[in-house]
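Colleague: Let me begin by handing over the structure; questions about it come next.
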Amino acid sequence: MSEAEARPTNFIRQIIDEDLASGKHTTVHTRFPPEPNGYLHIGHAKSICLNFGIAQDYQGQCNLRFDDTNPVKEDIEYVDSIKNDVEWLGFHWSGDIRYSSDYFDQLHAYAVELINKGLAYVDELTPEQIREYRGTLTAPGKNSPFRDRSVEENLALFEKMRTGGFEEGKACLRAKIDMASPFIVMRDPVLYRIKFAEHHQTGNKWCIYPMYDFTHCISDALEGITHSLCTLEFQDNRRLYDWVLDNITIPVHPRQYEFSRLNLEYTVMSKRKLNLLVTDKHVEGWDDPRMPTISGLRRRGYTAASIREFCKRIGVTKQDNTIEMASLESCIREDLNENAPRAMAVIDPVKLVIENYPQGESEMVTMPNHPNKPEMGSREVPFSGEIWIDRADFREEANKQYKRLVMGKEVRLRNAYVIKAERVEKDAEGNITTIFCTYDADTLSKDPADGRKVKGVIHWVSAAHALPIEIRLYDRLFSVPNPGAAEDFLSVINPESLVIKRGYGEPSLKAAVAGKAFQFEREGYFCLDSRYATADKLVFNRTVGLRDTWAKAGE
């Protein structure tokens with residue numbers, strides 16, 4: 001496949017191809033401009049892959065710029081987290097990290113230019129009055145009584161704002177556009193507001209801060225961005241983006257293009273709702289493995305490659321739609337099926353004793369680390385006469401469809417022997433505590449000599465060598481596909497989104513490291529937890545099951 005064939009195609013790339021072919025641009029320069037007021041989620045990953053991916057494919061540049069214009073909500077913690085997420089996804093920004101606050105002096109100068117042109121004014125309406133005067137989608141707004149102040153008065157008042165002469169909420173700078181515009185964003189939008197708050201980059205130098213719509217377009221222009229890519233909710237804002245650049249003295253005028261945001265089933269993307277989940281302790285934090293945050297997905301065991309593949313598959317369009325969670329899960333399942341080494345762990349253990357196995361003895365059984373990749377090598381796993389198997393792998397009675405261990409019948413232990421269930425012991429409540437079996441000593445990794453067929457295979461862990469492990473069975477956070485549509489989204493949290501089990505793993509799992517996934521044979525894909533696991537306590541998170549159990553539930 002050629003490089004051109006390997007590239008994804010979408011309407012944005014078609015625009016870029018046309019711009020390069022026509023000579024409108026000779027290079028491509030994009031940017032990813034998050035506000036550092038929270039953790040990035042899977043929706044941001046789509047934008048990261050789009051902006052950085054385009055820059056890579058066209059040998060261009062992509063800036064990482066923090067839109068840090070609201071010191072009240074922003075924190076250096078989020079700056080560091082976002083940088084880490086972008087790098088973990090496999091991307092590198094061009095040059096130094098940028099901050100919108102780098103341009104505060106220039107932004108202030110452009111605001112003064114608009115005042116001098118009679119295109120901006122200081123308004124002393126309260127925020128509530130501004131909302132009231134703005135009108136509605138069906139009714140035009142009305143002019144502020146402060147709209148027709150002279151240039152000189154506006155310059156003096158804006159300087160008074162800058163030097164702390166007004167209290168918060170008592171004055172703001174607004175663009176003078178059209179209060180009757182059919183687009184509410186064009187009804188004299190606020191350009192600057194007062195906030196007496198220390199900024200993580202500029203300290204206490206400023207007490208006036210520019211709004212997003214004023215900052216964003218100018219920052220793009222100052223950085224020479226050729227294609228400013230935003231999600232569809234900013235479509236109307238493009239009019240203001242162009243108005244600002246058309247009315248200031250700036251040599252570059254980037255163009256904004258909008259694409260659909262990522263909506264994913266069984267979760268929420270709203271920063272407000274995600275924050276509520278954290279602050280009300282419905283989850284453990286922003287990196288909870290049930291969260292759609294990049295840090296949560298990483299802790300759960302998702303790989304950067306699987307997230308990039310997911311973003312590639314869903315594509316870039318102007319059509320809003322909701323992606324099935326199964327699509328994301330399919331990407332990580334395919335990745336780990338191909339790349340994760342195998343190991344054995346028993347999640348719901350019951351003791352099995354092989355009565356005719358030499359008492360007190362054990363042996364090593366050779367197992368491949370991957371059934372289809374001999375280059376991944378093999379490992380030695382201890383076997384003994386007492387093992388743990390999963391409780392679901394034994395029944396006293398069963399029909400022909402049940403291919404595991406049944407009383408009086410045989411099954412193969414993975415890469416070991418054929419065993420036959422002879423009897424069980426139970427506790428006072430009737431629960432099986434021990435299964436007693438016999439084994440065929442001539443069947444180590446081979447069929448019985450007499451030709452009898454043994455169809456079932458189950459996994460196991462030697463009891464004498466087993467590592468106690470905590471297993472966190474994570475599932476979808478919500479029980480309905482569209483929790484955001486519920487009257488109370490918290491009421492549809494899945495009560496089974498986290499089930500904690502205590503089981504046993506094979507000794508090789510002692511070497512597990514956070515971020516390195518395993519396939520626990522016949523169970524699913526798991527990784528060591530980065531928060532709770534210690535040298536003395538192994539905690540594994542289920543990344544995803546071997547198959548989509550939700551599809552079955554919906555049938």
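Note that Cβ sites are derived from N, Cα and C of the backbone, with glycine treated the same way.
What Swiss-Prot shows for this protein is this:
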- 35-37, 41-47, THR231, 261-262, 269-271: ATP binding site (BINDING)
- ASP67, TYR212: L-glutamine binding site (BINDING)
- 317-324: region 'Interaction with tRNA' (REGION)
- 34-44: motif ''HIGH' region' (MOTIF)
- 268-272: motif ''KMSKS' region' (MOTIF)
Colleague: Counting by DSSP secondary structure, give me helix, strand and coil numbers for the motif ''KMSKS' region' (268-272).
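Modeller: Tallying H, G and I as helix, E and B as strand, the rest coil: 2 helix, 0 strand, 3 coil.
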Colleague: Taking the Cβ of HIS44 (ATP binding site) as the centre, count every other Cβ atom within 10 Å, in any protein chain shown.
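Modeller: Step by step: centre on the Cβ of HIS44 (ATP binding site), count other Cβ atoms within 10 Å, giving 23.
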Colleague: Reported in the order helix, strand, coil, what are the DSSP residue counts of the region 'Interaction with tRNA' (317-324)?
Modeller: 0 helix, 2 strand, 6 coil
Colleague: Provide the number of Cβ atoms within 10 Å of the Cβ of ASN37 (ATP binding site), excluding the reference atom itself.
Modeller: 16
Colleague: With DSSP as the reference, give the number of residues of the motif ''HIGH' region' (34-44) in helix, strand and coil.
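Modeller: Secondary-structure composition of the motif ''HIGH' region' (34-44): 3 helix, 1 strand, 7 coil.
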Colleague: Including all protein chains displayed, how many Cβ atoms other than that of LEU262 (ATP binding site) lie within 10 Å of its Cβ?
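Modeller: That number is 23.
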Colleague: If you count CB neighbours within 10 Å, which one among the binding-site residues THR231, SER270 has the smallest count?
Modeller: SER270
Colleague: If you skip the near sequence neighbours and keep only those at least six away, which residues in the chain come within under 8 angstroms of ILE42 (ATP binding site), Cβ to Cβ?
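Modeller: Listed in sequence order, they are LEU262, LEU264, MET269, PRO292, THR293, ILE294, LEU297, ILE307, PHE310, LEU328.
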